[in-house]
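Colleague: I have a structure here, written as structure tokens, and I will follow up with some questions on it.
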Amino acid sequence: MRTALLLLAALAVATGPALTLRCHVCTSSSNCKHSVVCPASSRFCKTTNTVEPLRGNLVKKDCAESCTPSYTLQGQVSSGTSSTQCCQEDLCNEKLHNAAPTRTALAHSALSLGLALSLLAVILAPSL
């Protein structure tokens with residue numbers, strides 16, 4: 001009995017705790033300091049950042065079973081962007097896209113609006 005207990009204790013020490021990933025989880029750039037222990041099936045911390053001209057910077061951070069890094073530049077009129085970043089270390093997604101580039105998004109919106117109004121004026125202006 002004593003030998004079985006010693007063997008069980010040695011086995012528990014040798015195997016150690018299960019390896020789980022810790023990631024920051026949030027749905028906006030203002031509250032991205034919340035960290036969680038991910039489910040055992042999650043191998044990645046994933047950060048998705050979408051910049052839309054009228055809505056600004058939309059950030060989503062979470063645990064993910066799979067993750068494919070990407071960068072997408074949307075059409076010239078919307079001039080939005082979307083990116084996904086992946087990492088595999090504890091709390092590695094802390095600083096990924098936390099800064100909200102709202103000034104840039106607003107500048108793009110103003111430029112798009114100016115171009116649209118100029119085009120409209122040219123189309124609707126009477127011939128000179």
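Glycine residues also receive a Cβ, built from the backbone N, Cα and C atoms like all the rest.
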Colleague: Could you pull the disulfide partner of Cys86 out of Cys67, Cys92, going by Swiss-Prot?
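Modeller: Swiss-Prot says the disulfide from Cys86 goes to Cys67.
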Colleague: Disulfide-wise, see what Swiss-Prot says Cys38 is paired with, picking from Cys26, Cys45, Cys63.
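Modeller: In Swiss-Prot, Cys38 forms its recorded disulfide with Cys63.
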Colleague: Using the record from Swiss-Prot, pick out the residue from Cys32, Cys45 that is joined to Cys26 by a disulfide.
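Modeller: Looking through Cys32, Cys45, the record in Swiss-Prot gives Cys32 as the partner of Cys26.
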Colleague: Any idea what the Cα distance is from Cys38 (disulfide bond) over to Cys32 (disulfide bond), rounded to a whole Å?
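Modeller: About 16 Å separate the Cα atoms of these two residues.
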